[in-house]
Structure formats: C-alpha cells, structure tokens
Amino acid sequence: MRTDYLFTSESVSEGHPDKVSDQISDAIVDLFLSKDPEARIACETLTTTQLVVLAGEIRCKGVYENGEWAPGAQDEIEKTVRDTVKRIGYEQDGFHWERLEFINRLHGQSAHIAQGVDAADNKDEGAGDQGIMFGYATDETPDLMPATLYYSHKILERMAADRHSGAAPFLEPDAKSQVTLRYEGSLPVAATAVVVSTQHAPGYDEGGKEAELHEYVKRVVAEVIPPVLLRETKYYINPTGSFEIGGPDGDAGLTGRKIIVDTYGGAAPHGGGAFSGKDPTKVDRSAAYITRYLAKNVVAAGLATRCTIQIAYAIGVSEPLSLYVDTHETGTVGDDKIEQAILGIAKLGGLTPRAIRTHLGLNKPIYRPTAAYGHFGRKADGDFFPWERLDLVDDLKAAFA
C-alpha cells in the first residue's frame, strides 16, 4: 500500500448546473415523501438556459394514482422547482427562478418494476434494482472523510455562505474547487495546489476588482485549510479569466453527473449509481448510505484507520448477494471478522432494503440538503444525515471484547 503520494479531489457549488438539477430532483423526492412515506420516485432534471424539465416515474398516494394527477399537484411541483432555484440564488438573464420555462414529464411507475419491489404476503420488499454500492471512511479528518474532498467542500460552502449573507456580493452561484494534497506516511502534510473557479459579477476579471476576488478566495482557503499545509501552495483562481456566464445558462445540467463529488472524491470505489431524485427503495441510494454508516462506525470504533465496504443486490430480491470489507491493511482485526460482526448486530435488523430504511429512518423528506456539498461527512442532525451517526461503535467494540 502506497504511503507517499499526491492526491486530488474536487467539489462543485450548489449553483453548478448539475447540482441545480440534483437539488431540484431531491426537492421533488422530499415533496412526494412528505405526502406519502411509501412513495416511489425516480426524478431526473434537465436545466439549461431559462428551462427546467422533469422526467421520470412516480407513484404517490393522493398525488398521482391510476395515471391521474390530483388537483393542484402539478402546481405544487412547479412551485417546488421555482423555490429551489430561488433558494440557490439564480436571478440572472439566462436563468431566473421566476421567468424560466418549466416542463413536467413525470409519469407513473412501471407495474413490472413495482411487482418486484413491493412486499407481498409471500415475500419481503425487494431491491429496486441490481447493483453494487460502496461505503468508505478514513481518519484523515474529524468527519472521517478524505481530506482532499473535505477541504474542497468547505471552501465552496464558505463562499456560498458569504454570497447569501452579502459578505461577498461579487460572487455568483456557480463555482468549482479542487485541492491537491501531498501525503507522507498516509497522512496529509501539504496542500500543493488549490484551484477555485467562481462565477462573478461584471468587472471582476481585471484590475483591482480581480485582485479583490483573488485575495478573498485566498482568505477563504486560509480559513478552511490549516496553515501548516499551506506553506508551498500554488493557487489557480479563475485561471481561464472571465467567468460571468455560468450555471445552467453556461452549461446544461443533469441529475446524477457529480457522483464522485457526492461521495468520496475518488478516494474509494463507486458502484456507478447516482443518489439524487431517487426514493430510498432504490438501493443505489439507501445501500450507499448504509455502507458509509457501517464503514464510519468501523473506523470510529478503532478497528481500522481506513475502511471500504461493498454490498450487492439483485432487483426484486431482499437479501444482499454479498458483503465485503477491506480495511486496506490498517485493521486491528481480520476483515472477515468485521464482516461477521456487522452481520451479527441485532439492532440493524439485517441489510434488506426495508431494514436499511427502517434503521436509518429514510422514508422522510430529508434529501434536498444532501444534494450539494456531499452526501457524506455531514452532521447528523435530527432526521437529517442519519447515516453519519456513530451509534454502532459500542456494538462493534463489544464484538471483539
């Protein structure tokens, strides 16, 4: 296992066009789950110049049944879309929450898919699709996330907070960040490069205003990344020059195109399935959450300093096909023993789709906040981000006492 290397991760802001699409899709998921906790949703969003299009499949009691929309339902969907765009902050000529065109092409879920997923008298609820999902944790940061991604997210979160508060009125919603760290002995010792590209108000690409923008970004970086890591950093701030046209007006956005930003910044494998726009019967989402939860608790319990967990499902089948643990030669016990310990935790109730949703409480409108700045490494707060809890630590320790 390599211990000395350079590694890089990137993040994108809430105003990035793909993230606008993710947030709209998850706002729709939340809308339907607030009406029916057992709703089925697969909502894809396209955003481009003054246009938002929804497409996908749904089933929701009291909202869409037997091929018909309930009175007022489509108006509520449109309001949810516009409110989401407004919250992000888009009031530009090329993309404005109030003036954009909205097209709704959501329709009913296939009965053939539903019959494989729904529980029946003779079977438990099946997985919503086949697939492999991964979870990961590392002790590099307090949130047990890869440091490169952790810092990339925090830079953009801080910039967005300053934009919303008015502290940085020259910022516009679209932005990207990228952080390269040098590792020695598997620990980050220096940030060798920081890249920040941010949409800005007119005039901030030259002269004194450009210098003001650059100094602002460097201040944010210095408040996010420890000074000891910034001694040899090269900064690349809006390296192409002007960035006035951005967001969906600059590039079309689609749901599910930032899956590495959403997860571990390339530090861990990814099964390929996106999260946003999907209700929690879709194991692309719920199983990725449970594997993060398990990996995080393994590291927090002191059983390893790094942990990757894979799980696999078949559509319509409730029990997982496999569970795989890899502690990357950092484990204090055998990886196979950790697998056995996980399967032996009674309060989990198993790793079926329904057991996952029940244990984590996923049938709730909790998803829009996940759709920007990462699904993982966030603070568990009430119903939100329950997969970040550390309530299996004692169970895992007890298994090896």
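From the backbone N, Cα and C atoms, a Cβ is placed for every residue, glycine too.
Going by Swiss-Prot, these are the annotated features:
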- HIS16, ASP174, ALA175, LYS176, ASP251, ARG257, LYS258, ALA274, LYS278: ATP binding site (BINDING)
- ASP18: Mg(2+) binding site (BINDING)
- GLU44: K(+) binding site (BINDING)
- GLU57, GLN109, ASP251, LYS282: L-methionine binding site (BINDING)
- 109-119: region 'Flexible loop' (REGION)
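Annotated features, which come from Swiss-Prot, shown on the structure.
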residue: HIS16; record: ATP binding site; contacts (Cβ under 8 Å, 6+ apart): ASP174, ALA175, LYS176, GLY247, GLY253, LYS258
residue: ASP18; record: Mg(2+) binding site; contacts (Cβ under 8 Å, 6+ apart): VAL12, GLY253, LEU254, THR255, ARG257, LYS258
residue: GLU44; record: K(+) binding site; contacts (Cβ under 8 Å, 6+ apart): SER21, SER25, LEU54, ALA55, GLY56, LEU254, THR255, GLY256, GLY277
residue: GLN109; record: L-methionine binding site; contacts (Cβ under 8 Å, 6+ apart): ARG40, ALA42, GLU57, ILE58, ARG59
residue: ASP251; record: ATP binding site; contacts (Cβ under 8 Å, 6+ apart): PRO17
residue: LYS278; record: ATP binding site; contacts (Cβ under 8 Å, 6+ apart): VAL29, ILE41, ALA42, CYS43, GLY128, ASP284, ARG285
residue: LYS282; record: L-methionine binding site; contacts (Cβ under 8 Å, 6+ apart): ALA42, GLY128, ASP129, GLY273
Review point. Among the binding-site residues GLU57, ALA175, LYS258, which residue has the largest number of other Cβ atoms within 10 Å of its own Cβ?
Key: ALA175
Revision key, fill the gap. The mean pLDDT across the region 'Flexible loop' (109-119) is 64
